[in-house]
Amino acid sequence: MVLDLDLFRVDKGGDPALIRETQEKRFKDPGLVDQLVKADSEWRRCRFRADNLNKLKNLCSKTIGEKMKKKEAVGDDESVPENVLNFDDLTADALAALKVSQIKKVRLLIDEAIQKCDGERVKLEAERFENLREIGNLLHPSVPISNDEDADNKVERIWGDCTVRKKYSHVDLVVMVDGFEGEKGAVVAGSRGYFLKGPLVFLEQALIQYALRTLGSRGYTPIYTPFFMRKEVMQEVAQLSQFDEELYKVIGKGSEKSDDNSYDEKYLIATSEQPIAALHRDEWLRPEDLPIKYAGLSTCFRQEVGSHGRDTRGIFRVHQFEKIEQFVYSSPHDNKSWEMFDEMIATAEEFYQSLGIPYHIVNIVSGSLNHAASKKLDLEAWFPGSGAFRELVSCSNCTDYQARRLRIRYGQTKKMMDKVEFVHMLNATMCATTRTICAILENYQAEKGIAVPEKLREFMPPGLQELIPFVKPAPIDQEPSKKQKKQHEGSKKKAKEVPLENQLQSMEVTEA
């Protein structure tokens, strides 16, 4: 996931000032651009010097061959003249004036210079890449410039009544329909662990089937992805911070051979976007085959580091969940990827409109975008029980930022002489099932249960096609009685703790 290096090179038509400005708008370090330009300039000088040294080495070999052919004297172990040791000014005439033994010494010295130059070049290349991968994509002009997501995300449009309030939040409703086991889930799997059960399993499967059918009717190919990826591939699709804050690492045997003691490092996927992005790694995609549209289905795993204390109850923010994802490879020409961007968010909107879930679309501020996204729109559903908007969908155009690192190229240049182009890559959530279930529960709660959205009824089993009944009391309604019981038990305990002499004094007063 990187920008084109030529964008940093003025002599190649690049504009480092523009990238510096982009970094400032993202509220990231613009100094990375200057560090990269410096490392790249030194790298290019080093490569130029290495190329010249290799030419000199070839010239030495050619000159030796010519002298041997003429049967010139090889010469004794004579020293090399000082003027010849300046390789920047070394000419064919200067070499021709030397003995064969001297030229061989020069060639050895050139070899040493090449090795030194190659070492410097590798070091500079690593330094350049470290800066390059931490510099974000160029921003679309419509992105709001701010570092305050809560205050400055721009609301683009609203659908449905986002003022309605209802009694219960999803935290209570998952318990009331007996579709969730959180305490035992936490014992088995740790923090945010859960068992989804009963009617909510059927509701989740209904959402998956409906989402896949919807995308299938729009030309998307359903694809069920691997749940883990090799480290070297994950490094090409995830930014550095994700390895610490989001991804789970898995260690396993390097192969199926019983005598193989090597170990392989892999990472659980946070979204099917990651393996689908790598699906066409190292390929040339033909213009006539684009756009390529995938409906990714997978379980997703996220550490959620940094969300401590947020949404700790219920199933809205969990470490493991199912998700259907839109993913598209697009042409980089004629604004095609931005047309596809509009189409993808529209598809998500139609899906939630068909489910009758009110929402608004927000344009995410520059400071909250990940490195790859040039622009991101979120669909935030209205949760009438919580009295808040909550994110259900994120739609991003990453332009060629991901494709460049994955080497997914556009077309094929004539005789491979033209500048290589890369496809544009886009992703958008269609349905993260646990979050969508929460939205349905809050919006469709009624006196006796949860009304099933009409579009999902054909996917539900008999007895649950119209209503998911409440079978347990709401935890929030039980909290006052629990609190009173606790206070009563506390009073009894305090009474027992009263010293004996105080009790006797009390009895004497009563008798008097």
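A Cβ is built for glycine as well, from the same backbone N, Cα and C atoms used for every other residue.
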Looking at Ser142, Ser330, Ser506, which residue has the phosphoserine feature per Swiss-Prot?
Ser506
Report the candidate from Glu236, Glu325, Glu454, Glu458 that shares the L-serine site with Thr271, Arg302, Asn427, as recorded in Swiss-Prot.
Glu325
Through the lens of DSSP with three states only, how would you label Leu392 (ATP binding site)?
strand
All chains considered, the count of other Cβ atoms within 10 Å of the Cβ of His319 (ATP binding site) is 17
Over the region 'Interaction with tRNA' (9-61) the mean pLDDT stands at 93
For Glu304 (ATP binding site), which of the recorded positions Ser241, Lys323, Thr429 has the nearest Cα in space?
Ser241
Tell me the residue counts in helix, strand and coil for the region 'Interaction with tRNA' (9-61), as DSSP assigns them.
44 helix, 0 strand, 9 coil
Are there any residues at least 6 positions away along the chain from Thr429 (site 'Important for serine binding') with a Cβ closer than 8 Å to its Cβ? List them or say none.
Lys323, Ile324, Glu325, Gln326, Ala348, Leu379, Leu392, Val393, Ser394, Cys395
